[in-house]
Amino acid sequence: MPSQPSKEIQTFPNPAADRDYEIAFDVPEFTCLCPLTGQPDFARFTIKYVPDQLCVELKSLKMYMWSYRNEGAFHEKVTNTIADDIIKAIQPRKLTVVGDFFVRGGIGTIVTVTHDKKQQA
C-alpha cells in the first residue's frame, strides 16, 4: 500500500455485487496547479459510484488524489481524467465525479462527469 502520491488506484472485491448501492467519497482538500500561471488551484471533489465487481480502496484514492498536488491541470481535464481512471480501475455500474474548484479571479468552476455502464453498452 503506497504512503506517498501514486497514480495507482487499488481495489477490492465488492462484498455485495448482487445489489446496487452507492458509495460516496468527499475529498475536501484537492490541489493541483494552474497550467498557465503555476499558481495552486483548490477544489472539493465528490465521487459517487455504484460498484460492479470491484470497489475503490480508500487509502489508494487518497494517494491518487494527492498525486495531482504538483501537476499543472485544467479543471475540465483533471476532472475527466479522475473519472476515466476510476472507470478503468473498477468499471462501475454508475459514476459521478464533481470537481468544485474554489473561486479564482472572481469565478468558481464546477465540473461534473457522469458515466453509466448500461448506456455505454
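Think of each number as a place in line: the chain as shown, counted from 1.
In case you wondered, yes, glycine gets a Cβ from its N, Cα and C as well.
Per TrEMBL, these features apply:
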type     : residues                          : note
ACT_SITE : Cys34                             : active site, thioimide intermediate
ACT_SITE : Asp41                             : active site, proton donor
BINDING  : Val56, Glu57, Leu58, His75, Glu76 : substrate binding site
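Our reading of the substrate binding annotation (Val56, Glu57, Leu58, His75, Glu76) yields a largest Cα to Cα distance of 24 angstrom.
Taking a C-beta cut-off of under 8 Å and a sequence gap of six or more, Glu76 (substrate binding site) has these contacts in its own chain: Val111. Counting other C-beta atoms within 10 Å of each candidate's C-beta, the recorded positions Cys34, Val56 are led by Val56. For Asp41 (active site, proton donor), the Cβ neighbour count at a 10 Å cut-off comes to 22, with all displayed protein chains included.
Cα-Cα distance from Leu58 (substrate binding site) to Asp41 (active site, proton donor): 23 Å (rounded to the nearest whole number). Take the binding-site residues Glu57, Leu58, His75: by the count of other Cβ atoms within 10 Å of each Cβ, the lowest one is Leu58.
In this structure, Glu57 (substrate binding site) belongs to neither helix nor strand by DSSP; it is coil. Note: the CA-CA distance between Val56 (substrate binding site) and the residue listed as 'active site, proton donor' rounds to 25 Å.
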